[in-house]
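In what follows, a single structure is set out as C-alpha cells and then discussed.
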Amino acid sequence: MNTIDIASIDLSAPAPVNEPERQYYYIAKARACVAKKAKEIGRELTFTVTTFGCQMNARDSEKLVGILEQIGYREEADEEQADFVIYNTCTVRENANQRVYGRLGQLHHIKKSKPHMMIGLCGCMMQEPEVVEKLKKSYRFVDLIFGTHNIYKFAELVATRLESDRMVIDVWKDTDKIVEDLPSERKFSFKSGVNIMFGCNNFCSYCIVPYVRGRERSRNPEDIIREIERLVADGVVEIMLLGQNVNSYGKNLAEPISFAKLLQKVEKIQGLERIRFMTSHPKDLSDELIEVMKNSTKICRHLHLPIQSGSTRILEKMNRRYSKEQYLELVDKIKTAVPDISLTTDIIVGFPGETEEDFLETMDVVKRVRYDSAFTFIYSKRTGTPAAVMEEQVSPDVIKDRFDRLLTEVQKISAEVCAVHEGTVAEALIESVNDHDHRLVTGRLSNNLLVHLPGDASMIGKLLPIHLKECKGFYYIGEAVQ
Ligand code: 5AD
Ligand code: SF4
C-alpha cells in the first residue's frame with residue numbers, strides 16, 4: 001500500500017526524520033542505486049526471500065518483498081540466480097538455526113563465483129547476540145543483518161549497504177515503536193495475514209520468543225480496521241489476525257479493548273467473508289470470545305489452542321498458568337458453544353523432568369479432546385531460557401519413543417475426526433491450482449481442512465460450495481456443487 005509517490009521524492013534534500021516518510025525517501029534512494037546497477041549489467045536485478053518459521057515471519061516477509069519491489073528488484077524463483085538473497089529466520093528450535101547455517105554454506109559457494117550477489121539475514125535468529133557474533137567472525141560474506149524490531153527500516157538498511165561495501169548490522173534489543181503504512185506485497189491476492197500485536201509477555205520457560213520478539217505491543221484498532229478495509233477493497237476475502245497471544249490483545253492500549261471486541265469490529269467490515277486468528281493462549285481465552293465466535297457468521301470454525309503438555313506438574317514448570325483440568329474445561333465450553341469447531345494444538349515432548357506418567361497425561365488429553373490435528377515437537381534446549389538450566393533433561397531415546405507413540409495416536413485420531421464430514425457440502429475458499437495435478441484446484445474449508453477438486457485457475461479466490469466426496473486422512477477429494 002503505497003501512500004507516497006516515490007518518483008516525486010527530492011533526494012537532494014536530507015532524509016525526513018518521521019516515519020514512514022523516512023523509509024519512502026530511502027526506497028527512492030535505493031531505487032536510484034539499483035536502476036544504475038541494472039543499467040551497468042544490462043538487466044533487471046532480482047531477489048528471493050526465504051521464510052523460516054511461523055505466520056508472523058511469513059507476514060514480515062511480505063513487507064520485505066513489498067519494499068524490494070518498490071526499490072526496483074524483481075522476484076526470482078531460483079535462489080542461485082538471484083542478486084539479493086534474504087533469509088527471514090526462526091530460532092524457536094535449535095534445528096531452525098542449523099538449517100540457516102547449512103544454507104549459508106551453500107550460498108557462500110555461489111557468491112564466490114558471483115561477487116556482486118548480496119545476502120541479507122533477518123528475523124528471530126538475528127536477535128541472539130551469539131548468532132551475530134558467529135556471523136561476524138565466520139560468515140563475513142553476509143552483507144546485511146537486522147532483527148525483528150527494525151524490519152520497518154529495511155529500505156534504509158538496503159540503501160546504506162548499496163552505498164558502502166561493508167557488512168551492515170543493525171539489531172535492536174527491543175522497541176515500543178509500530179510503524180504503519182509501509183509497502184507490502186501479498187503472496188495471495190484473496191487472503192492476507194494482519195498483525196494485530198507484536199511480541200509476547202508470557203515467558204513460557206522453554207520459549208525464546210519473548211527474548212527475540214520483545215514485549216507485547218498492540219496496534220490501535222483503527223489502524224487494524226483501516227488496513228483490513230483497504231485489503232478488502234483490493235480483493236481480499238479472508239484475513240488471519242496475527243499475534244503470539246491474540247487473547248491478550250489491547251490490554252495495554254491507552255484505551256484498552258478486548259480481542260473479542262476487536263473481532264466484532266472486524267466482523268462488520270463489508271465484503272470481508274472469513275476471519276481467522278492465531279495464536280490463542282488457553283489462560284487468556286475469555287467467555288466473551290467464545291460468545292463472539294458462537295454468534296459470528298465470519299469467524300472460521302477453527303481454534304488453535306496449544307496445550308504443550310497434559311501434565312499439570314509439567315505445565316507449572318513450563319509457566320503456562322493453567323492446569324490439565326482447566327484446559328479440558330475450556331475445551332468443553334468451546335465445544336458446547338460451537339459444536340462444529342475444529343481444534344488444533346501444539347505439544348512438546350521431553351520437557352525437562354517429564355516422566356512416563358506426565359507423558360501419559362498428555363496422551364490422555366489427546367484422546368479426550370480428539371484434535372483435528374496437532375503439531376508435535378521434540379523439546380529443544382534454548383540457551384537463555386529458564387528450562388535450559390533445569391536438571392533432569394530427558395534422554396533422546398526416551399523422547400523418541402514417546403514422540404513416536406504420540407504421533408501415531410494424533411494421526412489415528414485426526415483421520416477419524418476428519419472423516420466425519422464425508423458426504424456433506426461445505427464452503428471452501430479456492431486457493432491454488434494443485435502442484436501435482438494441474439486438473440485439480442485446492443480449497444480450504446472454514447475448519448482449515450483442505451479439499452482437492454477438479455477445476456482451474458479461474459476459481460482461485462472464490463468461495464464455493466463443495467461436495468466432500470471422500471476423506472483421505474488429512475484432506476478431502478471433492479467436487480464443486482453446481
Ligand atoms: N522446544 C520445542 N518446541 C518449542 N516450541 C516453542 N519453544 C520450543 C522449544 N524450546 C513450540 C511450542 C510452540 C510452537 C510454536 O513451538 O509448542 O507453541
Ligand atoms: Fe512462547 Fe509462550 Fe509466548 Fe507462545 S505464549 S510465544 S510459547 S512464551
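From the backbone N, Cα and C atoms, a Cβ is placed for every residue, glycine too.
Among C90, C200, only C90 appears in TrEMBL as part of the [4Fe-4S] cluster 1 site alongside C54, C124. Confidence in the domain 'Radical SAM core' (186-416), given as mean pLDDT, stands at 97. In this structure, the C-alpha atom of C200 ([4Fe-4S] cluster 2 binding site) lies 15 angstrom from that of C90 ([4Fe-4S] cluster 1 binding site). Calculated from their C-alpha atoms, the gap between C124 ([4Fe-4S] cluster 1 binding site) and C204 ([4Fe-4S] cluster 2 binding site) amounts to 17 Å. DSSP classifies C124 ([4Fe-4S] cluster 1 binding site) as helix under the three-state reduction.
A sphere of 10 angstroms centred on the C-beta of C200 ([4Fe-4S] cluster 2 binding site) encloses 22 other C-beta atoms. Other residues of the chain with a Cβ within 8 Å of the Cβ centroid of C200, C204, C207, the [4Fe-4S] cluster 2 site, are N202, F203, Y206, I208, V209, P210, Q244. A Cα-Cα distance of 12 Å separates C207 ([4Fe-4S] cluster 2 binding site) from C90 ([4Fe-4S] cluster 1 binding site).
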